[in-house]
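**Student:** Relevant sequence annotations retrieved from TrEMBL are reproduced here:
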TRANSMEM  31-49  transmembrane segment
TRANSMEM  61-82  transmembrane segment
TRANSMEM  133-151  transmembrane segment
TRANSMEM  172-201  transmembrane segment
TRANSMEM  207-229  transmembrane segment
TRANSMEM  241-258  transmembrane segment
TRANSMEM  278-302  transmembrane segment
Amino acid sequence: MIYMNINIKALLKIIVVDLIVIIILKLCLVFLWPFLVAILIALLMEPFIKKIVSLKINRNIAVSLSYIFIFLVLAFLTYIFIKYIINEVNKIYIVISNKIYNDQINYVIEKITTLKNSDFNFLDKTMGTINELLKIFIVFIISIILSLDFNKISENIILSIDNKYIAAFISSFIKLTSIALIELKLVVISTILTIAGFFVLGIENALTIGIICGILDLLPVLGPALIFIPWSVLAFIDKKYFLSIGLISLYALLQIIREILQVKMVGSSLKIHPVISLFALYVGVIIFKLWGVIFGPFMIIFTKELIDIERRII
């Protein structure tokens with residue numbers, strides 16, 4: 001909760017500091033985004049690395065094992081996802097091809113052939129792809145280096161921190177990382193339970209719809225309700241009462257489980273009100289575009305840190 005029992009001077013100071021941080025972040029996104037991404041990856045990887053180190057394994061080996069494991073998991077998930085998408089596209093193609101006239105199919109095939117034979121500036125696209133791959137490679141190399149020397153870097157930063165605002169900035173990033181990891185765990189659990197529930201209800205394409213609900217679960221306030229509630233209403237209107245009641249029951253069960261897990265996993269000091277989270281996402285996306293998903297909530301946490309600092313001074 002954000003406390004407002006601070007004077008006008010302190011409030012103006014907080015606003016000025018927030019504006020300065022927003023400008024710095026905008027500049028960093030233009031010129032230093034690979035380093036920002038690398039720092040975020042290193043912060044997200046640190047809990048996994050610490051767990052391996054706790055098994056009395058050398059940190060360098062722990063870092064290597066963590067990154068190799070994450071890479072293999074991502075590669076496997078990407079393979080499964082692409083394979084699944086291809087299968088779904090093939091199913092859709094078969095359904096469509098059975099409903100479209102032959103001349104329309106021939107027209108589509110002709111257009112596809114024309115696109116294949118047209119000049120797409122292949123060299124430019126290839127160079128662009130290589131550049132993007134190089135950027136990704138650089139990001140991962142930087143994040144690995146940061147992970148290898150994470151303790152030394154952290155100690156140096158802590159020793160050099162004299163400014164309360166820099167301390168608040170770093171503390172906010174650490175808290176944001178904690179929240180992100182917890183939310184990721186909650187989303188994964190929610191997605192698995194949703195898919196299982198859809199299978200029990202006998203819903204077609206349960207995996208696809210379940211994954212979509214899982215992605216929507218990242219949105220505060222609304223989330224999977226965007227799918228569950230309209231779907232349940234339509235099922236009721238269509239006299240599919242079992243499906244309608246099943247969807248509402250599944251949604252209620254998911255929300256109860258999520259709340260219980262959230263209370264256990266999220267400390268009261270880290271919890272952000274859903275309405276404030278939604279506002280932060282909206283403003284963040286306006287200011288930072290896609291990066292606003294990260295920096296919107298960060299600015300809320302940072303502002304809360306600043307308010308706590310000013311209250312202690314008062």
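Glycine too: its Cβ is placed from the backbone N, Cα and C atoms.
A description of the local structural setting of each listed feature is requested, covering burial, neighbours and distances.
**Tutor:** For the transmembrane segment (61-82), the list of distant contacts is 45, 48-49, 52-53, 140, 144, 147-148: same-chain residues at least six beyond its ends, Cβ to Cβ under 8 Å.
Cβ atoms under 8 Å from those of the transmembrane segment (207-229) belong to residues 84, 88, 183, 186-188, 190-191, 194-195, 198, 247-248, 250-251, 254, 258, 274-275, 277-278, 281 of the same chain, restricted to positions at least 6 beyond its ends.
Outside the transmembrane segment (241-258), and at least 6 residues removed from its termini, the chain residues within Cβ reach (under 8 Å) are 186, 189-190, 193-194, 197-198, 200-201, 203, 217, 224-225, 228-229, 231-233, 235.
A Cβ distance under 8 Å defines the sequence-distant neighbours of the transmembrane segment (278-302), meaning residues of its chain 6+ beyond its ends; these are 18, 21-22, 25-26, 29, 40, 168-169, 172-173, 175-176, 179-180, 219-222, 272.
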**Student:** Would you mind listing the long-range same-chain contacts of the transmembrane segment (133-151), meaning Cβ under 8 Å and 6+ residues beyond its ends?
**Tutor:** 34-35, 37-39, 41-42, 45-46, 49, 59-60, 63, 66-67
